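Report on the following structure.
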Amino acid sequence: MPKRQDIKSILIIGAGPIVIGQACEFDYSGTQACKALKEEGYRVILVNSNPATIMTDPGLADATYVEPITPEVVAKIIAKERPDALLPTMGGQTALNTALSLKRMGVLDRYNVEMIGAKPEAIDMAEDRALFREAMARIGLETPKSMLANATEIKDADRKTHEAARTELKAKLSGAELDKALDNLENQWNLGETDRKQRYISHAMAIAAQAIDVVGLPAIIRPSFTMGGTGGGIAYNRSEFFEIIGGGLDASPTTEVLIEESVLGWKEYEMEVVRDKADNCIIICSIENIDPMGVHTGDSITVAPALTLTDKEYQMMRNASIAVLREIGVETGGSNVQFAVNPKDGRLVVIEMNPRVSRSSALASKATGFPIAKVAAKLAIGYTLDELENDITGGATPASFEPSIDYVVTKIPRFAFEKFPGASPILTTAMKSVGEVMAIGRTFAESLQKALRGMETGLTGLDEIEIPGYEEGEGSKNAIRAAIGTPTPDRLRMVAQAMRMGMSEEEVHENSKIDPWFIAQLKAIVDMEARIREHGLPQDAENLRMLKAMGFSDARLASLTSKRPKEVAELRNSLNVRPVFKRIDTCAAEFASPTAYMYSTYETPFVGAARSEAQVSDRKKVVILGGGPNRIGQGIEFDYCCCHAAFALKDAGFEAIMINCNPETVSTDYDTSDRLYFEPLTAEDVIEIMRAEQEKGELVGVIVQFGGQTPLKLAEALEKNGIPILGTAPDMIDLAEDRDRFQKLLMKLDLAQPNNGIAYSVEQARLVASEIGFPLVVRPSYVLGGRAMQIIHSEGQLQTYLLDTVPGLVPEDIKQRYPNDKTGQINTLLGKNPLLFDSYLTNAVEVDVDALCDGENVFVSGIMEHIEEAGIHSGDSACSLPSRSLSKETLDELERQTTALAKALKVGGLMNVQYAIKDGTIYVLEVNPRASRTVPFVAKTIGAPIAKIAARVMAGEKLDAAIAAYGEKPDPRNLKHIAVKEAVFPFARFPGVDILLGPEMRSTGEVIGLDTDFALAFAKSQLGAGVDLPRSGTVFVSVRDEDKEGVLSAIRILVESGFKVLATGGTQRFLAEQGINAEKINKVQEGRPHIEDAIRNRQVQLVINTTDSNKAISDSKSLRRATLMQKVPYYTTMAGAEAAALAIKALKAGNLEVKPLQSYFN
């Protein structure tokens, strides 16, 4: 059927900030959807609060709203834009839940907006655990034995009362008067939400208590309408049961949880299905989880296609997944269906389905080359699968052809437990990973070992690992059994280690429940390692190629034979053992593919030499190295820069070649670059690609400055291999990181920096610290995201840092060199990567400056003033652009210093400088002559694609010409609007972790608030980050002495807005002296009832709290945790408190308006 002509404009809801469970994959799907719908001539309206996304680039949609994704704000956008249709399936759970809220609020009916892609009834049936269970029973599919706990009866009664009030207003009023009355009614309803939610939770808890007798323990708890398993978990005892139920009911927007029988240890599979309105259904790909049931699929190591199913089992699962889509009513688009299979008797049960594009869809798209999101968007507007061409085969096949795979794909998740001391590393049904890596090989062994080295955690393959608690003797087996039986990020390596220590494959399976086929594959790798250790490296091509075909990296072979990777590479080259490149083409080479989407393999054909499908061009080419798997400190912002580099280089006439291994990102989409290599970012893998590309055409150079720390680490190896690096020279990047060289440069330029020192050993660290004095900031060199960076207040704290924190940074190869010498390990590490010490500047204002330079000319693109004081990592700080409080003289001086630094470092491209300003003096904290995570935020705010401009500069253009290619030169200091960037944190995923911020970065994502008024921009940034600013209630305030004057302004604004004030003793007395009436409440350590009780009883709606000593910080940890669990906004700086107070005042006045990004720049 042809596309619909009755629709002219379509609203797409994005996913918002990057959070655990919802990452870059929705930028990838949203970007594809925007392009697909614009291609068909529709007016596309987009809402997404995440500035670091490609989809929010102003050229992608016709109207781009970088506004908070809340039902109330999206309702304003609908009222303004009047779209004909709403597509909710491209923005994850956020978009689905927002769309359903808009439906329930009557907004879609009021403005006659049709939901396309998934009907509300289908979303409800898939996401509501009760309706889903009933639907599966109707088609004869089993679900695990379960029971629901919800508050449906009392919720229905509340809703009926609300609906009656709406009906009454509609009968009495009309026109603008009716609209205003309905809006007031909705506001009243929304203000009562917290109280209603508590009633619903209490009601549902009583029902849940009965489930233990029905389902038994252990039980799996799954909240409705949440993503990434938020709020869910596995309860092994009654106290865990009630704790998880409480959290799950709170997390579920519908206050409902499913309590399910345990299927722990069963095999888990997923089917990625696409259906059109003519009922054509295709399976894009099957995915198998190596980890058995009990671990969230986002935290599992997975393979595609499924490798341990018989054809009969596969066909049964295929038919079942199609039946699920038909029954649920997913008429158009992609869905993901999850199954569990009991390995003992083959019993198949359906776990759940996602009626939308998901994380697994992104993986399936990258694994097969099939653009699920693009196809789903076109199906939503009326096309059928047979009417759409498959882009990958250049239209040789229609989209109705099921993809076929002649390779194995492995995905491994990346975790960040080191950022959250106290968090449990045990994996459950609630997702905890922050990123993932994907690798492709001709065999499972090859793709697994490629994925392991692509993780960038220091692994070179299936490296050895220490078994926790292992000691020779009687109890040794128990430690091994516990290690392989407990799901943790390192379990696969523990399994390999158990087999190295003599455990049989049967015993490993019995304890880990991992399928015997995968265990046999791991055993083959372990056995081969033993042979290599015993016999050394083979000296002939055939046997060396066989090892490489199993996925062994040069670095792994070197470590097994006590050689250096360089020696292995030299042997390999002398024997001409080189990889070939194969194409991902959706059709297993049945049709020629014009799309250059490639992976490397060392396969040996039966006859002749292995054939490479790289088909290298003779054009001028530039290679862009991506950022690898997402992690805290290196995420979507760097992928945005890499994508912009590819777009700009294509504009400038170069062939853009991308190398990356992250399946979530836009950079690994088949049409972002001219050629894509889906490969690990290691020196060996990248150099092999360079050699292939150098066979024809001219390799102009490589861009290493856009992908974060990952590609920068490869710069030296690339240079040694004669590969030109574009932009700032690696030596200058090193100068900025090398404390001694950098200090000399600052002295030469007459720029100030805090009193500092450098330590190459534990002893030297103690001496340097005593010279500088406390408090001081310590950090390792050459790290991103403030890894292991701390503020040290005392000798004791320094001792803990040196002996507990630093050992966690020691790589495996050094540990193996000094197995029993902890100090030797630390000193070896510090000899190469010394510790950097700086005097900590208390109460200083921190400033981030982004700039562009072509070696001679400098353009300062943004001066951002942090709302948090210096000492909190810049990635975790809220900041405003333009600056709010800095004088013209200070801004002029910041520009002068930045220009001097850029010229001295001969920067070619982007540069970021961090400054602290204290008592009128500007101190340089650090300089990064590369892309920073603020680049997308600055670009969106000033209306200039600075990463594109930088890429053109790096390829040889002059700065002014590169700027002119994208319009007029902006004036970042004189904008008519103000933007606020706010960070988003994953603390709710890690119970027991303190939420206090410091110099080590812990945020996963960010949002932007954009307005002509600072208070409203800040309000939008808070709403976008999920902070629900109260409009009324009680504020609790307890601040240290030096903040008492500073807090007055915020408290006065809140009192004027009708807030009551609660305060601890000293703060209450001070406020009374200033004429502010505050009620006294006990600190936690002063006896009950205290402030934590008041927060847990929901008597406090806002908290302003600062502490001045280590003891006070630890004393107030439970208070901070309580605010997090009760979702109470919590501010720890006076600037933040005042901004929040101004925002609340503006929201109360009803001033929040929405504007598309394009309108800020005419």
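Just so it is clear, glycine is given a Cβ too, placed from its N, Cα and C backbone atoms.
Bear in mind that the values here come from a model prediction, so they are computed numbers and not experimental data.
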Listed in Swiss-Prot for the ATP 2 site shared with R779, S839, L841, E846, G871, I872, H873, S874, Q914, one of E763, E889, E926: E926
Same ATP 1 site per Swiss-Prot - residue from R129, R133, R442 joining R222, G228, G229, E261, V263, E268, G294, V295, H296, Q338, E352: R129
Cα-to-Cα gap, G228 (ATP 1 binding site) vs E926 (Mg(2+) 3 binding site), nearest whole Å: 36
Residue among the binding-site residues E261, E268, E352, E926 whose Cβ has the most other Cβ atoms within 10 Å: E268
Sparsest-packed among the binding-site residues, when each Cβ's other Cβ atoms within 10 Å are tallied, from V295, L841: L841
Pairwise Cα distance for E352 (Mn(2+) 1 binding site)/R129 (ATP 1 binding site) [Å, integer]: 8
Among R129, R222, G228, G229, E261, V263, E268, G294, V295, H296, Q338, E352, the record's ATP 1 binders - longest CA distance, Å: 20
For R129 (ATP 1 binding site): DSSP state (helix, strand, coil): helix
10 Å Cα neighbourhood of Q914 (ATP 2 binding site): matching binding-site residues from R129, E261, V295, Q338, N354: none
Segment-level pLDDT (mean, integer) for the region 'Allosteric domain' (1027-1162): 91
Assigned element (helix, strand, coil) containing G228 (ATP 1 binding site), judged by DSSP: coil
E268 (ATP 1 binding site) versus binding-site residues L841, G871, H873, N928 - nearest by Cα: H873
Rounded inter-Cα distance in Å - H873 (ATP 2 binding site), E926 (Mg(2+) 3 binding site): 12
Pairwise Cα distance for E261 (ATP 1 binding site)/G871 (ATP 2 binding site) [Å, integer]: 48
